Amino acid sequence: MASMIESAWAFLLANFSDFQLTSLGGFIVHESAFFLSGIPFILFERAGWFGKYKIQKKTNTPEAQQKCITRLLMFHFCVNLPILIVTYPLFKFMGMRSTLPLPSWKVVSTQILFYFILEDFVFYWGHRVLHTKWLYKHVHSVHHEYATPFGLTSEYAHPAEILFLGFATVIGPAITGPHLITLYLWISLRILETVEAHSGYHFPWSPSNFLPLYGGSDFHDYHHRLLYTKSGNYSSTFVYMDWVFGTDKGYRKLKMLKEQECKAEGKAM
């Protein structure tokens, strides 16, 4: 497997420049991971599939879904792609490389774990700032147009927010100067995480059922259902920041009440 990956990577190096692989390649990886993981949740909602796993009974209209997709394509090409092009010199300066040999899986996994932890910490505080009155009204309210989120709404946001919270995603790689393949993997995993968190579905196989401290869709869906002054659950991936700073009390109380109701119904049967 490792030799096959190295051969494929050698082919890319022989046919594309470092700039093309970083900027355009990064954009293609982002778009592929985002739309391939996000579109199925639109289909689930329209077809009514997996209804028993849907967190909210309310659904989005096809028009609302189309509006989201149209805006996303505009933001991705007019904001995300230029950012990848402009930041290329910065990543090279910080030590990012694309040459062979590829890094070991131990190095890759360690770096990505660090990125998730750092991103979650930075995102938590940035997200809380966006829920202050002025910034919510003029910036973050765009993201909250969808009180019933679906996968693609994860990146539906004001351009200023894309830049502001995007910093949380790139700060880890900027610090460590990873191999480009590590950056590809990090982008893909971060997208899969945020799409799942906004999916609107909580399945038996959802990561939060197996990974300790992982937030997931149920945790973040609560954030979208409430007014900005009462939301909480500001973290992107994990739950410990909200627990430490007490911004998940409403969510934990609601979850406890639901568990009590389920136990009461079980005894009644």
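Note that Cβ sites are derived from N, Cα and C of the backbone, with glycine treated the same way.
Taken from TrEMBL, the feature domain 'Fatty acid hydroxylase' covers 113-247.
The transmembrane segment annotation in TrEMBL covers 33-51 (among others). Packing against the transmembrane segment (33-51) from elsewhere in the chain are residues 59-60, 62, 65, 150-152, 154-155, 187-188, 191-192, 195-196, 199-201, 203: each is 6 or more residues past its ends and has a CB under 8 Å from a CB in it.
Marked as transmembrane segment by TrEMBL: 72-91 (among others).
Remote same-chain partners of the transmembrane segment (162-187), defined as residues 6 or more beyond its termini with a Cβ less than 8 Å from a stretch Cβ, comprise 9, 21-22, 25-26, 29-30, 33, 75, 79-80, 83, 87, 90-91, 94-98, 102-103, 107-108, 111-112, 114-115, 118-119, 122-123, 126-127, 130, 139, 155, 236. The transmembrane segment annotation in TrEMBL covers 162-187 (among others).
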In the domain 'Fatty acid hydroxylase' (113-247), how many residues does DSSP put in helix, strand and coil?
92 helix, 4 strand, 39 coil
